[in-house]
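Asker: This structure is in structure tokens; I'll ask about it shortly.
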Amino acid sequence: MTASGIVDAVPAEEPGGDSADREVVLGLESVSKRFPGVLALDDVSLDLRAGEVHVLLGENGAGKSTLIKVVAGVYRHTSGRVFISGREVRHNSPREARSAGVSTVFQELSLVPTLTVEENLFLGRIPAHAGLVSRRAMRRRAGEALRRIGVTLPLKARVGSLPRSAQQLVEIAKALIDDARILIFDEPTASLGDRESDRLLDVIRTLAGSGIGIIYITHRMREVRDLSDRVTVLRDGRLVATLTAAEADEERLVQMMTGRQVDALYPGIPPEPGPVRLAMSNVSGPGLHDVSIEARAGEIVGLAGLLGSGKSTVGRACFGLSAVSAGTITVDGKVLRSPSPVRSLRHGVVYYPPDRRGEGLALCRSMLENLTLGSLRKAGAQRGGFIRRRYERDLTRKSVSRLDIRPGHPGRLMQFFSGGNQQKVLLARGLIREAAVHIFDEPTVGIDVGAKADVYQVLQQLCESGRAVVVISSDLPEVLGLCHRVYVMHEGRIAGELTGDAVTESNVLARFFGPPADPAAAPDTLQERS
Amino acid sequence: MTAIDEATAVRVPGEVSLRHRMSDLFLQIGLLPILLAAMVVFFAVRETSFFSGPNVSNVGRQAVYLLLVTLGQMIVLLCAQLDLSVGATIALTSVVTASTMSNADQPTAGTIMAGMAAGLCVGLVVGLVNGIVVAFLRVPSFIVTMGSASIATGIALIMSHGAPVTGVPSEFTSMFGTGQWFGVPVPLFIGAGAIVVMYVVLSWTTFGRNIYAIGGNEVAALLAGVRVKLQLVGAFVICSLLSSLAGVLLTARVASGEATIGGSFVLLSVAAAVLGGTSLFGGEGRLAFVVLGVIFLGVLSNGMNLLLISSYVQQLVLGAVLIGAVAIDRIKPRIG
């Protein structure tokens, strides 16, 4: 299928060889993409070489997604030219792009959860002889694909029963079965923990080593450092620069992405702990064992831990989304009985879910409607069930300027906002409620540096105005940079509590796998041995 | 092809190409108004009586019954639910209304009021049952309303023994069936009132906002503190009440209680709502366009009657229109 002349031209394996000599598998020449009223991509030219990991970096709305969708055949470019292996292409569908050797692992996986791994791998391309499914050929090719990425997966297991990280591997194996020469990853690690991320990055390196060209979108600087051969920064649909990995230091990249200097990402908030506003004492339930935490006024409390450590469950329990079988939750001294979103909000707890598209926003409705949803009464924007629309509009305008939501057009549908601005709308809704306790689950996941700084500023304001802020986060630098006090969780229990200067990377990491051995006892045992 | 593409790629500030303005406009208003206008012109040319006063008022009156049901169906669709019991609700309402009125020896205004109230109670009960089972027991509305439709039809047939319930007071039929105010059929005023009320509910109340939000993302609405279950019950009650209102008016129109009266309203109400751009996945749908969808179906069936097209063929056309409407709804986002 693949043009044999091209394969001959590429040195089969050249580990450590200068990638600049390698064949260009994908070329974009002055590509633009216009949507009604928006120029999403503006005259972008870049190339991707065989065996290269090319990172695309940019704030939300910079045009990264549009670019890869053009390459993947989801959109057609309005002008410019796209070359694959030297031949100009103009794909009309993802299917056409796939047969040209372009495969994409999108954020939303394209797997059927109720089918098995094997069935998913061959979905729409079952090898058959005379109309009969060739199970043997399926087994063999699936095995080959998985060997290439160096993993084993249960072929008979239902995809829905696998963890997200394994599902991604299935997605990658699927691409390999298509003989992909260009693989596109759109934030593949966004929903993975550290260990799973590392494993995935290894797989991606292996793939690049075998001569596949890889486009990789991420917001994580660590991945840029560890993975990339070259980095292209996009801003407002234009290409800012393409740098080699050596030229790409973090500060420079951030500056290119945002077009401004981000001096200090984390605001230094002096801790001024006041009275306890949220207290959980001995709370147990599914995934929680005897958890006691408290958050004081004017304090940012962090919850850290691995995926599945129960840190998210704590937030959900406070909001009635996860059952509480024992223990009490108290807000400002009042016991919160059988929590539910309505009751928790009334007691003064706001919970910000990590999955803003799935759980936070109605994407097909306007920004204004999303911003005031459920908060109209609290904000005094309704009387007897009737909305005071002018009041509501003023309220929205205030929120837009306070949080710098862009574009600040209240009638614009939520789905057309970037991730960072969607998150700001979610924040704005919570702020309207003027609650005592704000619980954020992954407040900055998948949003760009500029929006991150804005979110942190909001947390700072909340903190300074005497609210208790709880931040549940898998982003360790965020926990370290932001929180005054950190609870580390492990298997549904509090594995440790760290305050002030004790909030260090090594201290937090040490508790990821359970509480440390009794620190007082440890030296003693050593002495005894010596 | 490429010439056009290259031309449109040039960004000229302050000047949007005609093609884009057209496609924006198309996305804004959709296909429906254009189709409706084309259809009106077609029927007016083919059949001169189409624009006659009696025919126009007839189209309007016929459309009111469907309008009421469709407004209800719209609210349910906005929550990403479906009500298949609207037809059966109409039938049971008709039988209950007629039975209540015909039981009285000497019909008075009170009898008529009691009959209408009894009819509307049918809607209230059906709506409560639908809403509570859907919201609290999490049974899919598709199943719940299909079941409640069967139950309601069964009750209607048992009560009426399968025959029309006669003895409806003539004051009732002359008022709400054939009556006119200022030369306009009475049902039209009721229909207009329903549109106004629905506009206020959808655009000016928190309930309306919540309905849209629930359809847009039920979990998000829940986390934002919306009492999702209550709003769902409310939506089903409104839908059934509007169906009942249509049932009462239809009873006045045909001057008897009929257990077989509502059959076509399920398909027609969904078709009209979807024609008007209401999303089957919830959260999207604008009142003005739904009203246009009703008018579209009303004009279509009236025009076909005038052209003496058989009811068998009409049935076929309506099915095709429903499928076509949904298909267009699905491909629309890809245009432009």
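Here the Cβ of each residue, glycine as well, is placed from N, Cα and C on the backbone.
As annotated in TrEMBL:
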- B:25-45: transmembrane segment (TRANSMEM)
- B:65-92: transmembrane segment (TRANSMEM)
- B:112-137: transmembrane segment (TRANSMEM)
- B:142-161: transmembrane segment (TRANSMEM)
- B:181-202: transmembrane segment (TRANSMEM)
- B:232-255: transmembrane segment (TRANSMEM)
- B:261-280: transmembrane segment (TRANSMEM)
- B:287-306: transmembrane segment (TRANSMEM)
Asker: Which stretch, B:65-92, B:112-137, B:142-161, B:232-255, B:287-306, tops the Cβ pairs under 8 Å count with the transmembrane segment (B:261-280)?
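Answerer: Answer, by Cβ pair count: B:65-92.
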Asker: State the non-local partners of the transmembrane segment (B:232-255) in its own chain: residues 6+ outside its ends, Cβ under 8 Å from one of its Cβ atoms.
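Answerer: Distant contacts of the transmembrane segment (B:232-255): 64-66, 68-69, 71-73, 75-76, 78-79, 81, 83, 85-87, 89-94, 97-98, 115-116, 119-120, 122-124, 126-128, 130-132, 134-135, 141, 166, 168, 170, 172-173, 175-178, 187, 190, 194, 201, 207, 211, 214, 261-262, 265.
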Asker: Which sequence positions outside the transmembrane segment (B:142-161), separated from its termini by at least 6 residues, show Cβ-Cβ distances below 8 Å to it?
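Answerer: Result: 82-85, 87-89, 91-92, 94-96, 99, 122, 126, 129-130, 133-134, 257-259, 266.
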Asker: If I count Cβ-Cβ pairs under 8 A between the transmembrane segment (B:112-137) and each of B:65-92, B:181-202, B:287-306, which range comes out on top?
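Answerer: If we count Cβ pairs closer than 8 Å to the transmembrane segment (B:112-137), B:65-92 scores highest.
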Asker: Go through the chain and flag residues at least 6 beyond the ends of the transmembrane segment (B:65-92) whose CB is under 8 A from any CB in it; none is fine as an answer.
Answerer: 122-123, 126, 130, 134, 141-142, 145-146, 148-153, 155-156, 187, 190-191, 194-195, 198, 202, 211-212, 214-215, 218, 231-232, 235-236, 238-247, 249-250, 253, 258-266, 268-270, 272-274, 276, 278-285, 287, 290-291, 293-294, 297-298
